[in-house]
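Trainee: Sending over a structure as structure tokens; questions will come in a sec.
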Amino acid sequence: MLVYLAEYLTQFYSGFNVFSYVTFRAILGLMTALMFSLWWGPKMIARLQLMQIGQVVRNDGPESHFSKRGTPTMGGLLILAGVFISVLLWGDLDSRYVWVVLFVLGSFGLIGFIDDYRKVVRKDTKGLIARWKYLLQSLAALLIAVYLYASAQSPGETQLVVPFFKDVMPQLGGFFIVLVYFTIVGSSNAVNLTDGLDGLAIMPTVMVAAAFALIAYLSGHVQFASYLHLPYLPGAGELVIVCTAIVGAGLGFLWFNTYPAQVFMGDVGSLSLGAALGTIAVLVRQEILLVIMGGVFVMETVSVILQVGSYKLRGQRIFRMAPIHHHYELKGWPEPRVIVRFWIISLFLVLLGLATLKLR
């Protein structure tokens, strides 16, 4: 929004031209989202406490989590508000990339909000019925997938980039829709499964978003894209604003979500942030790279799949409890140790993912 004002004022004072640079606006976007979260966080937490919107803890969960019962939840609204305000202020609102991610954040955030509402207000520990949640996620993801396929403006927008291989970028054709669907829905649910300990999900989300900010900048720059053998995506640079807004809002939220948490993000945060990461990966054509950099999310999801599959097929469980972070809790690891070690793994995987841009 302020881009247009700065563009108008540039004719009177050339210094306003600095707002035309994506990097400058990205820094402002990060700072805006961060400061908003830090400023509004205590007010939101107090409001949630007043409304008695507290975390519902299942009786079959780890005993150490019983003390978390009643901790304010739905803090993901703070993250979403920070991202939306920051992007609307500093982003180029003529960019379809920006609106696609905002739509995904809003739609999946609404699904998560309904789920949280049923849990904390109506006291239904199961929340939104699983089939309805999956149906709503599928509708939103398919809508985006079809739109991106129909509105593709260059061949690079529907290619699959394969890490470690320089010129292997096959055209996907109609399979593009299938890939987009599974990337968005899968990423959304993976982050949701990871959000089980204080700060466990938000820090890897911040790391992956920061990495995608760099990738989006490179993909939107014709010379860097050519040098690194990435598909050149005109206008993708505006995704940098979205990514840094997620980083800023996420760090601000972590201030209150770090152990012991004062607030949880709830499904309104985890479902929307996961879907946003999947959408950004799709837009910059790095779905495979998301699997690498978001390895912690993948690990958590696979642990659940293996646990359920093993129990149904063999009647035996592989882990003491799934997702896998609960397995380590039941082994006696203190919660902060599990969290920080998963953060370290996430940092390593993000750096590995970025290294693949050059290792071709």
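Glycine is treated like the rest: Cβ placed from N, Cα and C.
According to Swiss-Prot:
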TRANSMEM  26-46  transmembrane segment
TRANSMEM  73-93  transmembrane segment
TRANSMEM  97-117  transmembrane segment
TRANSMEM  132-152  transmembrane segment
TRANSMEM  168-188  transmembrane segment
TRANSMEM  199-219  transmembrane segment
TRANSMEM  236-256  transmembrane segment
TRANSMEM  263-283  transmembrane segment
TRANSMEM  288-308  transmembrane segment
TRANSMEM  338-358  transmembrane segment
Trainee: Kindly say whether the transmembrane segment (236-256) and the transmembrane segment (97-117) touch, using the definition of 3 or more Cβ pairs under 8 Å where each pair is 6 or more positions apart.
Mentor: yes
Trainee: Let me check one thing: do the transmembrane segment (132-152) and the transmembrane segment (263-283) come into contact, meaning three or more Cβ pairs under 8 Å with sequence separation of at least 6?
Mentor: yes
Trainee: Under a criterion of three or more Cβ pairs within a distance under 8 Å and sequence separation of at least 6, are the transmembrane segment (73-93) and the transmembrane segment (288-308) in contact?
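Mentor: Result for the transmembrane segment (73-93) with the transmembrane segment (288-308) is no.
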Trainee: Should anything in the same chain at least six residues away from the transmembrane segment (97-117) have a Cβ under 8 Å from its Cβ atoms, list it; otherwise answer none.
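Mentor: Same-chain residues near the transmembrane segment (97-117) but 6 or more away: 73-74, 76-77, 80, 83-84, 87, 91, 127-128, 133, 136-137, 140, 144, 147-148, 184, 188, 192, 235-236, 238-239, 241-242, 266-276, 279-280, 283.
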Trainee: Among 168-188, 199-219, 263-283, 288-308, which stretch has the highest count of C-beta pairs below 8 Å with the transmembrane segment (338-358)?
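Mentor: Between the stretches 168-188, 199-219, 263-283, 288-308, 199-219 has the largest tally.
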Trainee: Taking the transmembrane segment (199-219) as the first stretch and the transmembrane segment (263-283) as the second, find out whether 3 or more Cβ pairs fall under 8 Å, excluding pairs closer than 6 in sequence.
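Mentor: These two segments touch.
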